[in-house]
Amino acid sequence: NLFFSGLTATEKKLAEYKCNTNEAIQLKLVRFPEDLEDENTTFNPEYSHQVFGDDEVAFGYKGLKILLYYIAGNLSTLFRIEYTSRVNEKFDCVEADDVESKIREIIPPGFCTNTDDFVSLLEKEVNFKPFGMLLHTYSIHNEEAGEDITYQIYKADMTCPGFREYHERLQTFLMWFIETASFIDVDDERWNYFLVFEKYNKDGATLFATVGYMTVYNYYVYPDKTRPRVSQMLILPPFQGEGHGAQLLETVHRYYMSSPTVLDITAEDPSENYVKLRDFVLVKLCQDLVCFSPVKLMQGFSQEMVTEAQQKLKINKQHTRRVYEILRLRATNMGDAEQSRSYRLDVKRRLIGPYKKKQRELAKMRRCLRPEEMTNQLNQIDLNLQREQLEESFQQLVSDYRRVLERLAQA
């Protein structure tokens with residue numbers, strides 16, 4: 001028994017040397033030297049499993065801090081590790097995780113390791129200018145500052161001097177904020193990069209801070225078109241919830257809309273948040289098209305909508321269908337039994353498509369496996385479950401759609 005109690009004491013001791021890496025990693029976007037000491041400028045990752053494993057734990061340290069500070073504009077990096085104590089191989093017979101090499105794998109070389117070097121780089125930040133071609137300028141009123149702040153969106157590519165190195169630093173943020181992030185092959189010329197910057201003042205000069213970005217891949221469509229596909233999109237946490245995502249997506253859409261060779265725009269494995277954002281942006285773009293007039297909405301989804309949305313706005317059929325459902329909801333009086341029933345049937349008819357397909361496949365399978373009467377019973381059970389699931393999907397959609405319409409009403 002002594003042996004076991006001894007073990008738990010050691011275990012207890014070792015447990016004290018486990019740190020949650022999402023808390024240990026401290027990120028900053030630094031504009032002024034005093035930001036270094038200001039806790040309000042610090043933010044943490046949402047994810048660190050791609051670097052530290054599914055448990056998101058680093059072993060071997062007490063009070064571990066992994067500092068990753070970036071200069072706000074060109075993202076020059078300070079990387080340091082601090083801790084109050086560390087397990088000792090001699091006494092504890094265990095080894096601490098090599099945290100440093102794990103971080104070095106994802107951040108490009110050439111970072112600072114001490115604060116003085118970092119601060120002297122900060123003084124050169126006044127020379128940093130955005131890369132590429134200016135596409136759009138907008139301003140947002142900031143309550144805290146009591147003034148309007150100006151933002152700009154640029155399109156860049158790897159031929160811009162310094163952009164390749166800058167992009168390497170920028171993409172490290174993906175690891176912390178996108179659940180299944182991966183770095184892209186920058187030597188493939190079909191990538192486009194869109195960047196958002198904030199203009200700010202420092203000692204009478206105008207400087208630029210990185211707000212977020214989007215990468216888009218141009219797929220070739222036979223014989224002479226392309227289909228841009230949004231791959232990654234990130235607005236850095238200090239700027240989230242201010243409307244930059246919508247500005248960026250709309251700007252990118254408008255950029256491709258002006259190109260005669262673009263067929264339509266898609267997205268790769270979009271997150272729920274991205275879908276909500278896209279719904280809002282596309283509905284905003286589409287609401288004034290003739291084919292989406294209330295009278296036409298009430299007549300149902302039409303080929304005219306598909307054609308007009310694709311030709312004028314580069315929106316594909318699937319997304320056009322969502323836009324139609326959202327705008328039709330706005331035009332429908334859900335308090336009117338007839339109108340509401342007609343809307344519900346229309347949306348459910350689309351939702352039931354995959355179910356029906358599944359149903360056909362199941363029936364095929366069962367024909368091989370079971371006696372006939374069994375099949376009918378099972379189909380019956382399935383149908384009830386299906387109705388419930390269908391109703392649930394419908395209610396969820398309507399509440400998502402209402403949020404889009406609320407945001408649209410405020411825009």
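Cβ atoms are placed via backbone N, Cα and C, with glycine included.
For reference, TrEMBL has these:
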- Glu268: active site, proton donor/acceptor (ACT_SITE)
- 17-179: domain 'Histone acetyl transferase HAT1 N-terminal' (DOMAIN)
- 278-329: domain 'Histone acetyltransferase type B catalytic subunit C-terminal' (DOMAIN)
- Trp191: site 'Interaction with histone H4 N-terminus' (SITE)
Quiz item: Could you tell me the C-alpha distance between Trp191 (site 'Interaction with histone H4 N-terminus') and Glu268 (active site, proton donor/acceptor) in angstrom, no decimals?
Solution: 14
Practice problem: Just give the helix, strand and coil counts over the domain 'Histone acetyltransferase type B catalytic subunit C-terminal' (278-329), going by DSSP. | Solution: 41 helix, 1 strand, 10 coil
Quiz item: So what's the average pLDDT for the domain 'Histone acetyl transferase HAT1 N-terminal' (17-179)?
Solution: 94
